[in-house]
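Here is the structure we will look at.
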Amino acid sequence: MSNNINANNLNTDSSSSPVNVPKMDALIIPVTMEVPCDSRGQRMWWAFLASSMVTFFGGLFIILLWRTLKYLWTVCCHCGVKNKEAQKINGGGDTQADGACKPTDEKEENVAAEVGWMTSVKDWAGVMISAQTLTGRVLVVLVFALSIGALVIYFIDSSNPIESCQNFYKDFTLQIDMAFNVFFLLYFGLRFIAANDKLWFWLEVNSVVDFFTVPPVFVSVYLNRSWLGLRFLRALRLIQFSEILQFLNILKTSNSIKLVNLCSIFISTWLTAAGFIHLVENSGDPWENFQNNQQLTYWECVYLLMVTMSTVGYGDVYAKTTLGRLFMVFFILGGLAMFASYVPEIIELIGNRKKYGGSYSAVSGRKHIVVCGHITLESVSNFLKDFLHKDRDDVNVEIVFLHNISPNLELEALFKRHFTQVEFYQGSVLNPHDLARVKIESADACLILANKYCADPDAEDASNIMRVISIKNYHPKIRIITQMLQYHNKAHLLNIPSWNWKEGDDAICLAELKLGFIAQSCLAPGLSTMLANLFSMRSFIKIEEDTWQKYYLEGVANEMYTEYLSSAFVGLSFPAVCELVFAKLKLLMIAIEYKSEKRESSILINPGNHVKIQEGTLGFFIASDAKEVKRAFFYCKACHDDITDPKRIKKCGCKRLEDEQPSTLSPKKKQRNGGMRNSPNSSPKLMRHDPLLIPGNEQIDNMDANVKKYDSTGMFHWCPAKDIEKVILTRSEAAMTVLSGHVVVCIFGDVKSALIGLRNLVMPLRASNFHYHELKHIVFVGSLEYLRREWETLHNFPKVSILPGTPLSRADLRAVNINLCDMCVILSANQNNIDDASLQDKECILASLNIKSMQFDDSIGVLQANSQGFTPPGMDRSSPDNSPVHGLLRQPSITTGANIPIITELVNDSNVQFLDQDDDDDPDTELYLTQPFACGTAFAVSVLDSLMSATYFNDNILTLIRTLVTGGATPELEALIAEENALRGGYSTPQTLANRDRCRVAQLALYDGPFADLGDGGCYGDLFCKALKTYNMLCFGIYRLRDAHLSTPSQCTKRYVITNPPYEFELVPTDLIFCLMQFDHNAGQSRASLSHSSHSSYSSSKKSSSVHSIPSTANRPNRTKTRDSREKQKYVQEDRL
């Protein structure tokens, strides 16, 4: 574009020209024919520039002059006031100042009126431009938008010559620009009025932009010509872009604000500098009479500035004018510094922008859950493996993970593999904004994972409790399932007003369940493995070889499920339904949800014949997958009575009561598949029998109302608090004490160790469904300083002793007769602050290997076996019932530590490889596939991870598991413990004694007794039916010798667990049968009833035959006196301990 165009057909009458142009030597410029311009084509750029300079410097001069006069006036006035005060002091205060000064009162009134008027106007202007009000925000945003509009007009006009003749009434862009600048002028006035410091306001960037852009527009209208000039300065308004976005509440985070700030400063500087180069290069140098100009578009200048800032400098575009080159020299210094600092920081902010920001978009017809807390590769993979297991049918639930740390590459890859059902968002549940992002208000549940390996369990629990508080505060109705490490921290959850276990909120206490599982293994070895496998989803692994792994893995494939019973079972007793379901449907039902006359739900585990199946009864089944359990719901006596193949039992065409009442069954029926849980009214509150089932008359008659033997709930044995000094045994005292059939608990802990929570280990062993003489003595071996810290929770339990020492000392172990114990428990030291994971269990592994390598003199066991105190519970040596017929004949004692029953707690699963030296387990083998775990001699807290998903799909499963392993702990009892941190004793009443009438887990020997005929090649299904019909015992598994399948005899005494064997499974004489046995009211008077015997009877191959005896009514009256005399001797001995 050229500034030299020939002018033709112009009006030469100077009087008709709109402007009287002074005569001066100037370059003739071309103009359009349509616009009446100066006939001589004189440049008028100086007029536009002068308008801005005069405005700027004139205003600056006025402000400085006003400040100077104000300063002089203030100084003079101040001097006059001083003289006046001096005169008042000298003249007594009656004289007046000179006549030039007004009276004081009148002057003060005028100043106050003046200040009040100015202040009100100033405040009004401040409100108008303030972003704190709606009007101010609208005005600020409008000014910014119009500034960008003016900049766009500049971009459009930059394609025209720098100076051209344009008619204001015909040029549309000039009219729009004029309107914009009128608005800018008004806004400038408001800003000027509201400014506290007028001088700084006059010098700030936005004011300078207005000075050099607004006045030239009015000059353009007057001269009928346009000059691009300094209109590019409007680009500096982009610096305020971040402020505008903050006013609109779009930018909220510091990183986003910083990013927008850097980008806006960089772009505005870039565009402004490009505008200056465009101006000088297209105009030329004034001292060269504008002859050295070059034609550059604005965007070519933008390109030139970019290659200059980046130090590339291709040379294809460069500055020719002196002004342009001089500007480039200084711009390179500043531009290069800005480019080198701003661009990397911008890239870093963009690169660090949260990849997992955004918000969750709910899918119609699909529920979602939020998982938070301890999110790592291990915890997430374990959770997903169980939650998305194929045996759960189609899980139509999306999993949303929320964590404040972005996932590493391995975890990110895991999320990508499950991208159809898993999403990850970076954030914190403590932030309500992040909770809104994951749509917590519409989530079906929120699951909180805990770090099981943290160094400070109390701190981890506190973090999870705060997460619960935050989530419940945001949405009180959300269902929360959280993991807790310490039992005593569960009490804090009860303080949250919206926490309601009846609505589905659950706290899975890992210490409570872990120690409960171990405690049950003291009563029925191997039970911890069986229960852990039942609530964990495992795929079936088929092995053709006839090895112990084949039978173990067949049982591992079983899980716990719930399903509603068909109306065909209504009216039948629980044992009758159990037998029918097992024999015909190939299912094992162990419990039901029972509604009392008050419509209160309770879960009954193996109730007796008195419980009849109601309509809509929920059954708890052990099966290999959810499809098999549906047979219990589809079963129809008319259609399926003659079917022998259970796979053919499917929904029939009969009109069923369930179909007539869909509102009763349908809402709950699908809880397995989609997580639909029971309604609040159906949440079971207790796992005990009907309250009407009170003890028999004999038990009530023998009840001593003045003695507190049980806690206030009647669920546990209780005794008055004992001082710890009274239960401490020295090594010599322990050696002199007759200890047999007891439980030795080895503890590695010191005064600084985190508390294990030994109460959770002792409570199941002190459940009230055991008679007092059946309770196993518990001996703790460990640091006295640590045990003192735990004693406050243990001092109300009977038959507890402490031997200060170390489990690594063989002398301490011999002192407690470890070779005669029923179980040796080795608990982890909780040393989770060790970097090497393999060393976390070093004490437990060393203690286990130390015990297994010990040798014992058989004569000691024989001598002690001849003493009365060695008599195992459930056997009377003076009774004729003590015969091989009942399987309680005492065998020679253990001579090697390898035969001592041990269960070892491990922190790190991989350390299980060090426990058994004769196994061939690979270090990468999963825990449940290893020999120590299959045999029930090792337990790790990691197996409890599966309870999170199991509880979500069915909260009754957690209630069932908790009752089985804790001995009967209920929410009411937890509230009581939270109040006092100790069990409270209570008097025996028919109501509390009724709570003793509940099932317990035991083991049944097949070597002799009523089932001896089935032990040698018999059928497991026949044993199941016989035990159920005769003794109301519900069998659910086998504890078999590891080498029982071999044709040649083996000296190995290790056993493994077989869960829910099929009906035709062949039995061997050495098998021990897991069973749920009823509470025997008469066992308190006669110890020849079916009771749990000392498990030292199976700890060696010679003693594997006797665990339980079968009730015998013969000679019962004759044995009562003998038992009473022996009980007196034992009570005296217990007091001494």
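Using N, Cα and C of the backbone, Cβ positions are placed for all residues, glycine too.
Feature annotations, reproduced from Swiss-Prot:
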BINDING   Gln913, Asp916, Asp919, Asp921  Ca(2+) binding site
COMPBIAS  1088-1112  compositional bias 'Low complexity'
REGION    515-535  region 'Segment S7'
REGION    636-640  region 'Heme-binding motif'
REGION    660-688  region 'Disordered'
REGION    1088-1137  region 'Disordered'
MOTIF     904-926  motif 'Calcium bowl'
TOPO_DOM  1-44  topological domain 'Extracellular'
TOPO_DOM  66-137  topological domain 'Cytoplasmic'
TOPO_DOM  159-173  topological domain 'Extracellular'
TOPO_DOM  195-198  topological domain 'Cytoplasmic'
TOPO_DOM  220-223  topological domain 'Extracellular'
TOPO_DOM  245-259  topological domain 'Cytoplasmic'
TOPO_DOM  281-294  topological domain 'Extracellular'
TOPO_DOM  318-326  topological domain 'Extracellular'
TOPO_DOM  348-1137  topological domain 'Cytoplasmic'
Sequence gap of 6 or more, Cβ distance under 8 Å: name the residues on the same chain that satisfy this around Asp916 (Ca(2+) binding site), in order along the sequence. Gln931, Pro932, Thr937
Would you count the other C-beta atoms found within 10 angstroms of the C-beta of Gln913 (Ca(2+) binding site) for me? 20
With a Cβ cut-off under 8 Å, give me the same-chain residues at least six positions beyond the ends of the topological domain 'Extracellular' (318-326) that come close to it. 277, 280-281, 283-285, 288, 292-294, 304
Which residues of the chain, 6 or more past the ends of the topological domain 'Cytoplasmic' (195-198), have a CB below 8 A from one of its CBs? 63
Let's see if you can do this one: DSSP helix, strand and coil counts over the region 'Heme-binding motif' (636-640), in that order. 4 helix, 0 strand, 1 coil
DSSP assigns the residues of the topological domain 'Extracellular' (159-173) as 2 helix, 3 strand, 10 coil
Kindly assign Asp916 (Ca(2+) binding site) to one of the three DSSP-derived states: helix, strand or coil. coil
For the topological domain 'Cytoplasmic' (245-259), DSSP counts of helix, strand and coil? 9 helix, 0 strand, 6 coil
Tertiary contacts of the topological domain 'Cytoplasmic' (245-259), as residues 6+ beyond its ends and Cβ separation under 8 Å: 131, 137, 140-141, 346, 349-350, 352-353, 433
For the region 'Heme-binding motif' (636-640), what's the model's average pLDDT? 78
